[in-house]
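Feature annotations, courtesy of TrEMBL:
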| type | residues | note |
| --- | --- | --- |
| TRANSMEM | 101-119 | transmembrane segment |
| DOMAIN | 101-256 | domain 'Sodium/calcium exchanger membrane region' |
| TRANSMEM | 131-153 | transmembrane segment |
| TRANSMEM | 165-189 | transmembrane segment |
| TRANSMEM | 201-223 | transmembrane segment |
| TRANSMEM | 235-254 | transmembrane segment |
| DOMAIN | 292-432 | domain 'Sodium/calcium exchanger membrane region' |
| TRANSMEM | 323-350 | transmembrane segment |
| TRANSMEM | 356-381 | transmembrane segment |
| TRANSMEM | 393-411 | transmembrane segment |
| TRANSMEM | 417-437 | transmembrane segment |
Amino acid sequence: MNYKGQIGVTSLVEMGSLDGAMHDLVDECLYSSEMDAQKTQPILSNQRVLLSGLPVGGYKMTRNGVYKSIKTVVFSNKLNLLMPFGPLAIMVHKMSTSNSWVFFLSLLGITPLAERLGYATEQLAFYTGPTVGGLLNATFGNATELIISIYALKSGMTRVVQLSLLGSILSNMLLVLGCAFFCGGLVHYGKEQVFSKATAVVNSGLLLMAVMGLLFPAVLHYTHTERQVGKSELSLSRFSSCVMLLAYAAYLVFQLKSQNDNYVPVGEEGSHNGENDDDDEDEAPEISKWESIIWLAIMTAWISILSDYLVDTIEGASEAWDVPIAFISVILLPIIGNAAEHASAIMFAMKDKLDISLGVAIGSSTQISMFGIPFCVVIGWVMGKEMDLNFQLFETATLFITVIVVAFFLQEGTSNYFKGLMLILCYLIVSASFFVHEDPSAVGQSKIPKT
C-alpha cells in the first residue's frame, strides 16, 4: 500500500511538473510572440514613415533639380544679363511707336538666347555621340537665322530673307572661322595647328555647288535670256532648291554612314599630337538629356517671339538710323544669330581642336547654303511667296569670291593667327561694302510681298 501510495504521489508530482512545464512553454510562446510583435512594430512604423516621406523627398529633389538647372543655364553666363531686354522690347512695343528701340532691344534680347541655345545643344550632344551631336550643333546653331527668315518670309520680306541667310554664310566663313584661327594661333603661338583636309574639301565642294545654284538664276536674270519672262527664273530656283536639298540629304548619309570615322571631329579622339586626352576626360554634361531638350524648346519659343518683333521693326530701324537694310540684314542679324557658333569655334580652337571649330564654322555655312536657303525657297513656294535664288549680282559675286578665298586658306590643312587675321580683315571689307551698298530691290519692298 505504501508502495502504491508512493507511486501515486510520484505520479502526482510528475503530473504537476508536467503542468508547470506546459505553463512555462505557453508563457514562453506568449512572450516570444509579444517580442516579435514589438520587433515588427518599429519596422512597420519605419516603413510607414519612409513611405509617407517619399512624396516630400521627391518634391524637394524635383525642386532642387529645377533650381540647379535654372542656375546652370540662366545664371552661369554673364551674357545672360542681356535677357531682360527681351521682355523690355515687348513692353516698349506696346507702350510706344519707336521701331528703332524695339529692334535694338529685340536684338540684344536674342543675343544671349542664341548663345544658350548653342549651350543646350552641346549638352544634348553628350548623349547622342559626336556625329549626331555635330549635326545638332549645326542645326540649332542656325535655328535663330531660320526662325527670323520664316517670320520675314511670312511677312512677304523675301529680300530680307535672302540677305540674312547670305550674311550668315559670310559671317561663319570669314568672321567666325577667322576669329577661331586667330585666337587658336595666339594661344598656340609658334606652331601650326592642323585639321582634316578631307572635311575641308568636301565642305568647300558643297559651298561651290551652292554658289552654282545661286549664280545661274542671277545670270539668267541679268542676261535677259529667260524663255518665259518672270517664270523661268522662279522655276529654275525651285528646281535647283530641290536638287540642293537632295544633295544635302546625300551628304548627311555620307557623313553619318559611309565615312563616319573620317568625319568624326579629330578633337573627339584628342588632337593630332595627342595632347588633349586629359581635357576630353574632364568634359562631362552639366544638365541631363531631358533638361537639354526642355531648354531647347524654351529658348526656341522665346527666340520665335522676339524674332517676330525684330522683323516687324527692321524697316523702321533702317530709316531711323539711316543704315541700309542690306547692312542690317547681312551684318547685324547674322552676328547676333551666330553668337553660339562664334563662342564655340573660338573655344575649341584655343583647345587645339580645330576640326571641331572647322565643323562649326564651315559646317554651319554649308548647312545654310545647302539646306537653309533651299528650304526657305520651298517654304515660300508652299506659302505662295515667290522666293527665288536670284540674290542679285552684287551679293552673288560677294559670296563667290568669299568661297574661293576661304577654299584657298583651307587647302593646306593648317592654320595660324595670320590666316585668321586675313579672314577677319576680309570680313571688314565685306561689311564696309554692304554699308555703302544700296539694295534697290529692298527699298520700299520690306513689307510688300514679292510679285
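These residue numbers are counts, starting from 1, taken along the chain as shown.
Glycine is no exception: its Cβ is also placed from the backbone N, Cα and C atoms.
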Inset, instruction - With Cβ distances under 8 Å as the criterion, find the stretch in 101-119, 165-189, 201-223, 393-411 that has the most pairs with the transmembrane segment (323-350). - result: 165-189
Inset, instruction - Go through the chain and flag residues at least 6 beyond the ends of the transmembrane segment (356-381) whose CB is under 8 A from any CB in it; none is fine as an answer. - result: 134, 137-139, 141-142, 145-146, 149-150, 153, 158, 161-162, 165, 168-169, 172-173, 176-177, 180, 184, 195-196, 199-200, 203-204, 206-207, 209-211, 213-214, 237-238, 240-242, 244-245, 247-248, 251, 265-268, 338, 341, 344-346, 348-349, 387-389, 406, 410
Legend entry - Structural state census, the domain 'Sodium/calcium exchanger membrane region' (292-432) (DSSP three-state): 118 helix, 2 strand, 21 coil
